Amino acid sequence: MTLCVFALIASEFMPVSLLSPLSQDLAVSEGLVGQGIAISGALAVITSLSITRIAGNLDRKILLLALTLVMALSGLMVAMAPNYLTYMTGRALIGVVIGGFWSMSAAVAIRLVPTGQVPRALAIFNGGNALATVIAAPLGSYLGSVIGWRGAFFSLVPVALIALIWQAFTLPSMPVNSARQRRGKILQLLRSPLVTVGMTACGLLFMGQFTLFTYLRPFLETVTQVDVSALSLVLLTIGVAGFIGTLIIGAVLQRGFYLTLMIIPLIMALVAMLLMVFGHHLWLVAPLLGIWGLVATAAPTGWWAWIARTFPENAETGGGLMVAIVQLSIAL
């Protein structure tokens, strides 16, 4: 599952480190290339709100395997895209995978491990997220300069196929509990004030996070004016800091769960404001982005733990709602 998360996150945000070469090759603006992330978010919203109903009583192991196969197909389609339309179609497919996979992640963790180990399992899942941040962005930037953006995207296809085979042999069968599924009305959850406030806060956090993240490379190239090697180093700094954040977030949440969820966006907002002022100075930009990576990569673990705590009996439904909120925020 962690390997699948790694491949998924790397696939989702690979365009971030390749906006410039993508725009040149496809003959469109960097803004239009960035919409490849927006369309994946839009499809993730639709999928997350409908995946439980569409899948019905299908064994969740089979569903996860099907989504992983679609992820490999998406990477292949983008890598071979002859035009912008094909590129966007491939990005739409990865959106389907994002919505389906993340909607079920908390529920799958609950079914795979004892209740007391669910937060740890979620942290391990998100370790794939952090690892992708460490490797995918700088590696994508480097591969883009060596073998081109197509080669960078194609390199994710075998990773997805390995994850597919690994899951096929290691995941147990996960039949659906029909009685529990009927209790999960996804939009009815918003009637709770706690859920409404929590989902709104989560959406605003991710909206701000990915507004910065999507256009990070153009900012570094045009404002900070870094070369390819320095760009890769900055992205690696973000990734390493994010991995550290994932390692420590569990202990931090235990000391102050809701306080941590409130402090994280405040730190990210402060970093964004400082970047606007000191964006021309690499010696300040690099550590600031390191701090941003530390808290931003750890944030999803906190919110998935919130899902497990708030919806212990409806984790799949609650997860679907959160994915919809997050991806809609990213698309906007």
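Along the chain as shown, residues are numbered 1 onward.
Note: Cβ is positioned from N, Cα and C throughout, glycine not excepted.
Per TrEMBL, domain 'Major facilitator superfamily (MFS) profile' is recorded for 1-332.
Within its own chain, the transmembrane segment (35-55) has Cβ neighbours under 8 Å at 12-13, 15-16, 22, 63, 87-88, 91-96, 98-100, 102-104, 176, 181, 184, 186, 210, 214, 316-317, 319-321, 323-324, 327-328, 330-331, counting only residues six or more beyond its boundaries. The transmembrane segment feature in TrEMBL is assigned to 35-55 (among others).
The feature transmembrane segment is assigned by TrEMBL to 62-80 (among others). Tertiary proximity for the transmembrane segment (62-80) is limited to same-chain residues at least six positions away from its ends with a CB under 8 Å from its CB atoms, namely 4, 7-8, 11, 51, 55, 86-87, 89-91, 93-94, 96-97, 100-101, 104, 108, 150-151, 153-154, 156-157, 160-161, 163-164, 167-168, 171.
If you look at the transmembrane segment (92-110), the same-chain residues 6 or more away from its ends with a CB under 8 A from one of its CBs are 1, 4-5, 8, 11-12, 39-49, 51-52, 60, 63-64, 67-68, 70-71, 73-75, 77, 118, 121-122, 125, 174, 304, 307-308, 311-312, 315-316, 318-320, 322-324, 327. If you look up TrEMBL, you'll see 92-110 (among others) marked as transmembrane segment.
The transmembrane segment annotation in TrEMBL covers 122-143 (among others).
Taken from TrEMBL, the feature transmembrane segment applies to 149-171 (among others). Cβ atoms under 8 Å from those of the transmembrane segment (149-171) belong to residues 1, 3-4, 6-7, 10-11, 14, 18, 21-22, 25, 61, 64-65, 68-69, 71-72, 75-76, 78-80, 139-140, 143 of the same chain, restricted to positions at least 6 beyond its ends.
Here TrEMBL flags 192-216 (among others) as transmembrane segment.
The transmembrane segment annotation in TrEMBL covers 228-249 (among others).
Outside the transmembrane segment (256-278), and at least 6 residues removed from its termini, the chain residues within Cβ reach (under 8 Å) are 201, 204-205, 208-209, 212, 219, 249, 284-285, 288-289, 291-292, 295-296, 298-299, 302-303, 305-306, 309. Look at TrEMBL and you will find 256-278 (among others) tagged as transmembrane segment.
Marked as transmembrane segment by TrEMBL: 284-306 (among others).
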